[in-house]
Each structure stands twice: as structure tokens, then as C-alpha cells.
Amino acid sequence: MSWHRHEMLFGYLGAVIAGFLLTAVPNWTGRLPIAGGQLASLALLWVTARAAMFFSASTGAAIAALLDVGFLLVLALVCAREVLIARNRNVPVVGAVLLLALASAADHAEAAQLLASDGAGWRAGFAIVLLLIALIGGRIIPSFTANWLIKQGQARLPRQPSTFDFATIGVTAVGLGCWVFGVAAGWGAALLIGAGLLQIVRLARWQGLRTTADPLVFILHLSYAWLPLGLVLLGMSLLVPTQPTSSALHAMAAGAMASMTLAVMTRATLGHTGRKLHADFGTTCIYLLVTLGAATRVAAPWLPFDYMLSIQLSGALWAVRSCCSWSCTVPSSLDRDPTASRDRGRAAQGAARCQSCLTSTMESRSRPSATQPFALGAVGSARPFAPIRSSSPVQPRSRPSFSAASSSAARPGAAWLNSKVTKSSSASTSPWRIRSPRR
């Protein structure tokens, strides 16, 4: 087993997928995010798996495989629990994590000579990650681009996902499937080249060249551009034996996977710490380093100087990029904007209180007590309690109208409340908005 290949695919990308899902699933389901002991246990399992893989000669291949595959299985189970409880429709993403765990298990089985060692395990994991990039990238890239163009006052927006996008992903999946299982090499090469061309058209429909003024948006398009390039190079390597396969693989790994994950991580770090979505000089340098590193590695077979020197140069650019990423993202993650955090907390608390009050009110109106033979009528009417007749259903009641004068006289402090309601209703279109006193 190639430690470098396995750890970059199932170790690094496994952690990236975990971070993405643990952030996205609460937004999909509306439930609280995984935190505390559960999150710490999941992180500890990942670290233990990485240490076991590095010291597999001492710990044993079986323990390393159990911890490595176990992390992805636990991640899939945690996300599946949240998605199924909320009855959310994003179950296929959880299925992709399960398939990635199976691919990792197959790679370990091939290394232990339990399966035929033809590389189908790591190729399957590689293809799954590429399809996730094609699927999720097709959602977020046009959306972020459209939001940025709208802020710039542009009327022409990117094309939203349509039948063409699903057809392109389907052709890509079939072509990658032929490559994974080594069947129909000729047809697989044609499908991969065709999928690459379709992905180029798909990328052009997102109008990425209009976002060059904002590196935070443009890097998403630049990262996705490595995917069609890698598909075309991979198809050509199947047709022409002299064509190096390593260039195609690194175009999709060091190019598409590394650049896309970096772009999403930097954007998520800014968004979740309450900072402005703007790429500063340091972030722009990170994007430049990862792009130059990928380009150097892909072009290594054709560069005029030594091949190993090209690989070392690419690795040096990757290492510098990693150090710069830590120095830029970790301090900003720890140094949160207190104003934004306080505002988000107050908004969340207010929304929860409003939802709780609304739910309890609607339940009390829609489910009258079976022991009480009266239904609540309109406030202020001559008969506030009307008897329920068994021969006819209960008629819907109108919204209660409260009298400010009567409530002020009946309850202490109501005069202050009514004054706040009056001021709020004059400044807002909603008459139910009540301002809380400043502390």
C-alpha cells in the first residue's frame, strides 16, 4: 500500500469531508451541531487512525485498518442519525461516505492480499471524491457567484443546475466507473474525454471570468477547472500508453481536490467567525501557492529540468502553502468577532422564543380540551365562550384584537409595553414587533 496515496485520499480528504458534513448537516436539518464529547471523540479517532497508519509496522495492519475504516463508518452513522431524525433529503451524501469507507476497506484488503491487488480500492475512493466535487461544486459555485454578481449590480447571472448538469455528472460517473474496474478501456477513455469537455462547458456556464476581482469567488472556478483537465488527461493516458497517468491523477488530486478544499475551508472560516467575506493578501497568496504547486506537479514530465527537482519544487510549494494556511486560518478561527457572535446569539434566542410561543399558541387553539364543553371565542365579543355543538364543526375564529387602554389599566407595566409597540409599529411594517429595553 502506498502510504502517501492512502493518507492523502482517506486521511486528509476524510477529515475535510468530516468538517464539511459536521458544518452542513445542522444547516440541512435545523438541529444543533455535533459538539462537546462527541466531536472530541470523533477527532481523537481520526488522530489515532493516522498514527496507527504511520506506525502500522509496529501496531499491525489489522489495527490500522480497523481504526482507519472505523472513522469513516462512525462519521457516516453520526450524519445518518441527524439526517434521518430530521427526515432530510440529503441522504445520498451519507451514502457517499459509506462508499468511501468501503473503498478504504478494499484498499486495506488489497494490501493484505485478501483481494486481487489491481488498485480498484483506491481508484474507487478517488472517483467518489471527484463525484462529490462535481455534485457539491455544482451547487455552491453558481450560488456564490450569483450572490457576488448581484452585489455588484450585475443582471446576467450564472446558469442554475439543470438537466445538462445531471447529464454531465452521469457521463462522468460512467467514465470513472470504467476506469475504476478496468473494463472497456476504449469506451472508458472516450467517456472520460467527453466528460471533461462537458465539464468545461458546465464551468463556462457559471461565468467565472467575471469574478476575477474577488479571489474568494474566483478560486472556486479555478479549482473546479482542474477537474475537466484531469478527466481529459486521464482519458488520453488510457488511449496513449506513453501519456503519463501521474499528471492526470495529480491534476485532479493536487489541483481539484486540494484547491477546492482550501477554497471552501477559507470561506467557511471567515463566515463562521463573523468576518467579512473578503480574501486578504495572505489568503490570496495561499491560493497562488496551491495553484503553482499543482501546476508544477502536473507539468513535471514535460518541464525542461530534472523530473525529481520538479516534484521537490511542487512539494516545497505545498509545504509553504500549508504553513501559510495555518498562520492565516487558525488565528482567525480563535479570534472571533464578538459583535457578530452576540448578534447571532440574540437572533437565535429570539427566533427560538417566537417559535415556541407560536407553537404553544397554535396548539392551544387547534386542540380544545375534551373535558371543557366550551370553545374560546373572539376577545371582546358579547359571548367570549360559545358552546360546542355536536351537529356542526367548530368555526375558525378571527385573530384576537387587544385593547391598549384596557390592558394598560389592567396590568402594571403595560403602558411601557404599549409605547414600545406603538414606536415599533410606526417604524416597521409589522405591528407585532416589540423592542426589548436596552441593558
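Each residue, glycine too, has its Cβ placed from N, Cα and C.
Nobody curates TrEMBL annotations by hand; they come from automatic prediction.
Among the features that TrEMBL reports, compositional bias 'Low complexity' is placed at 389-430. Marked as region 'Disordered' by TrEMBL: 384-439. As annotated by TrEMBL, transmembrane segment applies to 9-29, 49-78, 90-106, 126-150, 162-182, 188-204, 216-240, 246-265, 286-305.
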Problem set entry | Maximum Cβ pairs under 8 Å to the transmembrane segment (246-265) - stretch from the list 49-78, 126-150, 162-182 | 126-150
Exercise. Taking the transmembrane segment (126-150) as the reference, which of 9-29, 90-106, 216-240, 286-305 gives the largest number of Cβ pairs under 8 angstroms?
Worked result: 216-240
Problem set entry | Contact set, same chain, for the transmembrane segment (49-78): CB under 8 Å, 6 or more residues outside the stretch | 3, 6-7, 10-11, 14, 17-18, 21, 34, 38, 42, 94, 97-98, 100-101, 104-105, 108, 111-112
Problem set entry | Same-chain residues at least 6 beyond the ends of the transmembrane segment (286-305) whose Cβ lies under 8 Å from its Cβ atoms | 215, 219, 222, 226, 229, 233, 244, 246-247, 250-251, 254-255, 258-259, 262-263, 266, 279, 311, 313-315, 317-318, 320-321, 324-325, 328
